[in-house]
Structures are given as structure tokens and as C-alpha cells.
Amino acid sequence: MMLQSSHDPDETVWYFGYGSNIRSASMKKRKITPLQSQAVVLPSYMLTFDIFGIPCAEPAFASIAKFSDLGYDDNAAARWKKTIPPPVHGVAYLLTKEDYRLLVLSEGSGVGYDEIQVEAFPVSAAEHHPPGTKGILVRTLKAKYPFRPNRAPSLRYMSLLIDGATENRLPDSYVQYLENLPTFSPQHNSKWSSLGSSLFLGFFARAVGVLAFSTKVFVDKKGHCPQLLGKVIVWFYWGMWTWHDYFHAKLWGREDGGIIHYGYGTT
């Protein structure tokens, strides 16, 4: 059964959530009240972790990418006999335009994500819909500057995705896929490594907090911050990760969770 709504389409937006916002508790925390919700899947997209986060704490956050953009195709998969990741599953939320603005605001005010439109299918019908069947067009967020290769998300963040997937009764196979992805947990085997992490977060985490606050103050009616501010934030993250990879890692060890290998065609 396709998604339907009795609400005014000019006043509402269908939004596809796939990260921590598939948890109802996450939406409530953001003071967003969906008018409707349903578990859906995007057959042409896979889940990625290419939104840059903060080393030593939250190395990466979720995004999506087209299978074709990451080098996946059936012939290549058969030739290399590699496992192809499943299509990304999540929740389609029907939101008022004001709640959609709040959601964009809560996701960084357009700094790290682009808003795109994709076709979603209810999970119950996705694998068996007849050829030519159309899904519903939903808005969602996709990495504006994909962070490649992908770093591992924190155990805390991944737990939110798994909780949300379980809450919304996404397929067991998809939940198991999430459970098997690598995650980051701080491993301080010495006082030296603990010191390094404390120094790193003492500066960078506080600076990120200030920048994140600024994106909620200086925003337009669509929930986007000024382009110049966005560029400043992106350059700051680039500098932070450069410092981690080429200086911090040599002194105190890597604290980015390692690289995620999804299968043939990408990392």
C-alpha cells in the first residue's frame, strides 16, 4: 500500500529519515510532531557514514549515496563475489512546513547536507512492487561534502539507529546489517592517550559547539545559515581532521574508529 495523506499537500512535506531521527524520541527531543509515519526503503540508495564528525568522540554521522555513484553494479558484484550493502531503510514522516524547517535547522542548518528529492517505497511492498510501480517522492538530506573514506560512527550513535530500526520494525536483515557495522568507542590504554584525547576535545569540541550554536542563530526562513558561515565551518572541520590525521594520530594514536569497508566499489 502506497503512502497517502488527507492533509493539504501545500502545507506539508514528506521527509525520509534514516539516521538517529528514525527514533520517535529523537523527533520529540527536537519538538517535531509528525502527522504520519511509515517504514520505507530507497531501492537506489545505500546508507553511508560520510558526514564528518569529531575525532575522539563522534567521528562520523549518517548520509546516503546512490549505489551507482559508489561503483556498485550487478556484474561487478558477481565478478568479485562481494557482498553488496542493502538499500537504505528508514521512516517517511509527513511534516508541516514549519516542522520540516525545524528539522533542517537541527541537522546543521544546511552546512553539511544538501536537500534532495528521492522515491521511497513502503517496506512491505518494496521487494515485490510490479514493474512501473511508482513510489512516493520524499525529501531527504544527503552529504554536501562526502567524507571519503568513511570513518566509523560512535557506538552511541549507531545504537540510536539500531533502536530506531527496531522500533519501526524494519527488516531483521537490515537491523543485523547495522549491528555488524564497525563502531568507535574511546580506547584509552594509557594516561598518555587519555591526555591526548582530553586536549583534542578540550579545544575542538568547544569550538564546534560555538559554531553549531551560530548556525541556529543566523538562519533564513528555510532554516539555512549564511553561505559564508557554512564555508567557515567546513574549513574548520577540514583543519580539525587534518590535525587529527597528520599530527594527533602520530603522537597519541588514531581516534576515528577506522575505515568502513561496505563491499566492492567503495570504502
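Just so it is clear, glycine is given a Cβ too, placed from its N, Cα and C backbone atoms.
DSSP assigns Glu107 (active site, proton acceptor) to coil in the three-state reduction, placing it in neither a helix nor a strand. Annotation comment: TrEMBL describes Glu107 as active site, proton acceptor.
Per TrEMBL, the feature substrate binding site maps to Tyr15, Phe16, Gly17, Tyr18, Gly19, Ser20, Tyr157. Tyr15 (substrate binding site) counts 24 other C-beta atoms within 10 Å of its own C-beta, drawing on all protein chains shown. In this structure, Tyr15 (substrate binding site) is part of a beta strand by DSSP.
Between the alpha carbons (Cα) of Gly17 (substrate binding site) and Glu107 (active site, proton acceptor) lies a span of roughly 11 Å. Spanning the listed substrate site, residues Tyr15, Phe16, Gly17, Tyr18, Gly19, Ser20, Tyr157 have a farthest Cα to Cα distance of 21 Å.
Ser20 (substrate binding site) sits 11 Å from Glu107 (active site, proton acceptor), counting Cα to Cα. Other C-beta atoms found within 10 angstroms of the C-beta of Ser20 (substrate binding site) number 21, with every protein chain shown included.
A sphere of 10 angstroms centred on the C-beta of Phe16 (substrate binding site) encloses 27 other C-beta atoms. Each residue contributes its Cα atom, and for Tyr15 (substrate binding site) and Glu107 (active site, proton acceptor) those atoms are 13 Å apart.
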